[in-house]
Amino acid sequence: MTRSEGDTWNLASSVGATATMVAAARAAATRRPRPVLTDEYAEPLVRAVGLDVFTKLASGELDPDDLERDVGFARMVDTFAARGRFYDDYFAAAGKAGVRQVVIVASGLDARPYRLSWPAGTTVYEIDQPEVIAFKTATLSRIGAAPTAELRTIGIDLRQDWPAALQDAGFDPAQPTAWLAEGVLIGFLPPEAEVRLLDSITPLSAEGSRFAADYGSLNDASQASTEQARRTTEGWRRRGLDMDIAALTYPGKHTDVAAHLGADGWATTTFGLADLFAAAGLPELTEAEQGPAATLSFVRAIKS
């Protein structure tokens, strides 16, 4: 089903299923002999969602190589592991710099407030759909997981007035903040909503604040991209999952996040997927392994 303004989803459908896919990839990466990252909460969260293909991937029942070939997404597990590690390292650097206020927008099934070692005095704010927040909180509570920082959750759609809800939860715009928008600005919001998100973050960011995100579009409407999306969608359907990649993203020219932040006074550094693989110690992607994420950019920024 094509995305529309104000649409809704859960973790088993539409864009929500991509959050479950990413968590399943983190669980699969955690099982490897020398994992790029360790996320012990990914598998129980994926199991609780109940999508068969992702449960099998997370549990080790399904060979990642077989799945990646079938859906046309080479090195999918490595890609999401490298991305996750990139942002884990970003938060570690922010903590060492003295930042004690963190905001994760559209957090999905990410469990960083539980799995990372945060400096004493850190408060983490998570923003996502109310149903997603409730599901994740309840699932982690059932398995006895406890946050490693003070955690405050805000159940609200990013297309609504989330800045007011964030401040109502105790967020202090006078304090430096480490922001993360992982997997958000890659076509899952309308272009105008991307701009609103960035324009809302800047005035809430004191000097010394940091921002990290990936950006671009998984489906740029080119013939090659359209064909890739078709093959991937057919692959997921063969695995019993109705996830139409092209229909998940909004059309239009999406935001150059680094340029937008730079114009607003942020000092930005951009990276490609190859940089993330190198930083994680993973073998580089071959020409044949260039998948949907290879066209994305990654940014880290500091507010001066």
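Backbone N, Cα and C atoms are what each Cβ position is placed from, and that goes for glycine too.
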- Have a look through Asp128, Asp168, Asp172 and flag the one Swiss-Prot assigns to the S-adenosyl-L-methionine site that Asp157, Leu158 belong to. Asp128
- Task: With S-adenosyl-L-methionine as the bound species and Asp128, Asp157, Leu158 as its recorded binding residues, calculate the greatest Cα-Cα distance and give it in Å as a whole number.
- Result: 7
